[in-house]
Ligand code: NDP
Ligand code: MG
Ligand code: MG
């Protein structure tokens, strides 16, 4: 069983007299910065001039360039998009990453795939919330926390884990539980989860269901509700009570169909594909492809994003959601 740490295992005094630089003020950045500040931690925000800069200033933060923020801080948490991190690290962070500082990440990608290689004399720690940034903030404001993973890649200070736990406490994660892992395990499982289940798997399942119904002549609005809208309601039940809890709430007809048809849709072929995807994550093929795709201007990424944006599923969904005033788009759209 994984070891899970809670608030009692964290000692905020490890952050006494320390300044934390939050580099980036997007989904994760705004949440870490605001939660830490509300927990009494001294925070500066590191950015380039632009939308996020203005927002962080508006939210009352001391905003500096990435280089200045790194210089002024003891703990540097990099919350830039993963594909941007290596260049910004090389140009603006590394030159100011002096002995005794700690470099933090919310995802292990760049350390695990050696796109960032920090000097030996700094701590390298992962605090990865297992939830989107906007929930990390909202749940903290409600007095709770989003669970997180902690990993130490380099322990130059001898206190890297304790400093990491204090940070995790500061963002509220210890209220929900902090699991100890490694950069390798976090990176590989995070990529696998988002590709095969959470993002890739679910998106394609929704699309396939919607298209099967509409191609068979059913109304697209009905297909949308059936294959996308109701997904949230089912996932909420799973979140609260696992598969058993979800099956308790659905009808016996739905439950019987779940058992006999689910395994026909997600059968051997899907499991085989999952194993292939996992292998390409583990051997670095996925990372190499993504880094090259980004460096060459993202031609395939943009093409696929555009095609899905223009799909009938998305058009029908936009229309239907605009009629459902209680669905607050702001919470899920990245700032
Ligand atoms: P976002 O895309 O939401 O935010 C990125 C931020 O970086 C923005 O504030 C952006 O500002 C800023 N930025 C971009 N380029 C530069 C630059 N060259 N110099 C300075 N600032 C820049 O990122 P996420 O919060 O999604 O991801 C951050 C990290 O957190 C990643 O490692 C990700 O894997 C990890 N993570 C993310 C989760 C999530 O919920 N999204 C969940 C768990 C981990 P600007 O307005 O100027 O573009
Ligand atoms: Mg994830
Ligand atoms: Mg991820």
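Backbone N, Cα and C atoms are what each Cβ position is placed from, and that goes for glycine too.
According to TrEMBL, the feature NADP(+) binding site maps to 25, 26, 27, 28, 48, 52, 133. Within 10 Å of the C-beta of residue 27 (NADP(+) binding site) there are 18 other C-beta atoms, taking all protein chains into account.
Annotated Mg(2+) 1 binding site per TrEMBL: 190, 194, in sequence order. Under the DSSP three-state reduction, residue 194 (Mg(2+) 1 binding site) is assigned to helix.
In the structure as shown, the Cβ atom of residue 226 (Mg(2+) 2 binding site) sits within 10 Å of 15 other Cβ atoms. As annotated by TrEMBL, Mg(2+) 2 binding site applies to 190, 226, 230.
Under the three-state DSSP scheme, residue 251 (substrate binding site) falls in the coil class. Annotated substrate binding site per TrEMBL: 251, in sequence order.
Positions annotated as domain 'KARI N-terminal Rossmann' by TrEMBL: 2-181.
Within the model, the domain 'KARI C-terminal knotted' (182-327) shows a mean pLDDT value of 97, rounded to a whole number. Taken from TrEMBL, the feature domain 'KARI C-terminal knotted' applies to 182-327.
Note: the Cα of residue 28 (NADP(+) binding site) and the Cα of residue 251 (substrate binding site) are spaced 38 Å from each other. Distance between Cα atoms for residue 230 (Mg(2+) 2 binding site) and residue 190 (Mg(2+) 1 binding site): 25 Å, as a whole number. Cα-Cα distance from residue 48 (NADP(+) binding site) to residue 226 (Mg(2+) 2 binding site): 43 Å (rounded to the nearest whole number). Minimal Cβ crowding within 10 Å, among the binding-site residues 28, 52, is found at 52. Checking the binding-site residues 25, 28, 48, 190, 194, 226 for a CB within less than 6 Å of any atom of ligand 3 leaves 190, 194, listed in sequence order. DSSP assigns residue 52 (NADP(+) binding site) to a helix.
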